[in-house]
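**Q** First the structure, then my questions, so here it is.
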């Protein structure tokens, strides 16, 4: 097992295309295969959760769990950054960036009026600005997944007496006892993942069950176990234990639109694949000196923007309203937390950001590429995760629902226009963007932009909110778990992963997910 992939359902508002999902089915989950970006989100993200009826999930309440989890290698010590946690991260300064494009991108963003954010994980960081990103990379320039952080070999051996790890299996069902008013998990059944064997194993539940299978896997397990939308379960012949319409609903992802140009191959990561000499040199630099292209992630900086701070053509940064992530006040003249959230992220990448693998193989695999992955951090559109069948080996059906809400087009147009403006500015600064590879025919006409957006919209693999923390009969959307992450109507069953987010965070998701896990562990120990 490892990285698994399959195609989504046809995306109705994206020309019927299917997008490729990736999930980490391995110890450490998707932290073993992701881009290693460590961004927590903003103060306003969690204060918004609090304002939605979850006071124990406001910024000050979740901050200790971020701090507890991390060791920030090259950040000044403060109450906001940890220095003794198991999960190591570091920022890569511009002196170490291997691609000139990153330097030029940063300079152009600053020239357009955006601020330089030294540490986006501090509460007083601006939400409009270009930021050096922290990455989950250790002193030896190696990835630090949650496996290395929380379950290194020494820890596993130390806990051998009360820790059992089963690999190569999947959960087929959780069995319950009790009546319709209150159920209790009694047994977890599982079977081989990659086998035709129908043999089923089971373990008895003494205390609690915690499902941490991600925003795609967790709702699948719940529905296979009879917890989910009644009609959908009955369609698959599954006995209904608890009718919870919110299970698998409200899927949210940071929909992205790649904008890309051809560049000299020496200015792109493609150089590693096309030049054996260059590949050997970079390998040598990494193995012996821990330097070079292989010593850091491909993404080392991002531009975060509020679309409201851009003019209509996204060509001028006007910076209206409060820009600090920590802007909070009882004064009614100060906007609610949501106003202080960025809703666009531009990720400069010295490689292709298109996710059509066949297109890449046929047209782009031998040329240098520079991309700006323009990302909507607060999309309105929602999707679903539904069962493909009652067989746990069958992949769930994922409908991303991208661009199903027309409001997302307005934000997407601004994001793409901003990317094109930055590209023009980079060319004016002398950077060789040779020709457009993924650019709209016209940036002036909304119709042409919308065609481009539909053609290029893709996932960023930031799946969330399919088992939302919200009341069971929440007026916004039905909830699945309470503030203690317990599934409604089930005594001893919790969900702990990105699926519980009441609203998607305006950053990459692995740091918030680990915060949720730390907080969940604290709640379990407290009980």
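Using N, Cα and C of the backbone, Cβ positions are placed for all residues, glycine too.
TrEMBL lists these features:
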- 462: active site, proton donor (ACT_SITE)
- 508: active site, proton acceptor (ACT_SITE)
- 26, 34, 35, 36, 37, 171: FAD binding site (BINDING)
- 214-228: domain 'Glucose-methanol-choline oxidoreductase N-terminal' (DOMAIN)
**Q** Using Cα coordinates, what distance in whole Å links the residue listed as 'active site, proton acceptor' and residue 37 (FAD binding site)?
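**A** About 7 Å separates the two Cα atoms.
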**Q** Given the binding-site residues 26, 36, 171, which one's Cα is the least distant from that of residue 462 (active site, proton donor)?
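**A** Checking each of 26, 36, 171 against residue 462 (active site, proton donor), the shortest Cα distance is to 36.
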**Q** List the same-chain residues at least 6 positions away in sequence whose Cβ sits under 8 Å from the Cβ of residue 171 (FAD binding site), in sequence order, or say none.
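**A** When sequence neighbours closer than 6 are ignored, residue 171 (FAD binding site) has 188, 189, 190, 211, 213, 221, 224, 392 within Cβ distance under 8 Å.
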**Q** Give me the DSSP three-state residue breakdown of the domain 'Glucose-methanol-choline oxidoreductase N-terminal' (214-228), ordered helix, strand, coil.
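**A** Within the domain 'Glucose-methanol-choline oxidoreductase N-terminal' (214-228) the tally stands at 11 helix, 2 strand, 2 coil.
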**Q** Across the record's FAD-binding residues 26, 34, 35, 36, 37, 171, the largest CA-CA distance in angstrom?
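**A** Site span for FAD, by Cα atoms: 29 Å.
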**Q** Which of 26, 37 has the fewest nearby Cβ atoms, counting only those within 10 Å, among these binding-site residues?
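**A** Among the binding-site residues 26, 37, the sparsest Cβ neighbourhood within 10 Å belongs to 26.
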**Q** I need the most crowded of these active-site residues: 462, 508. Count other C-beta atoms within 10 angstroms of each C-beta and give me the top one.
**A** 508
**Q** Would you mind listing, in sequence order, the residues at least six apart from residue 36 (FAD binding site) in the same chain with a Cβ closer than 8 Å to its Cβ?
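**A** For residue 36 (FAD binding site), the qualifying residues are 135, 136, 137, 143, 297.
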**Q** Using a Cβ cut-off under 8 Å and a sequence separation of 6 or more, which residues in the same chain sit near residue 34 (FAD binding site)?
**A** 24, 461, 508, 510
**Q** Give the number of CB atoms, excluding that of residue 35 (FAD binding site) itself, located within 10 Å of its CB.
**A** 16
**Q** Once the DSSP letters are reduced so that anything not helix or strand counts as coil, what is residue 171 (FAD binding site)?
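**A** Assignment for residue 171 (FAD binding site) reads strand.
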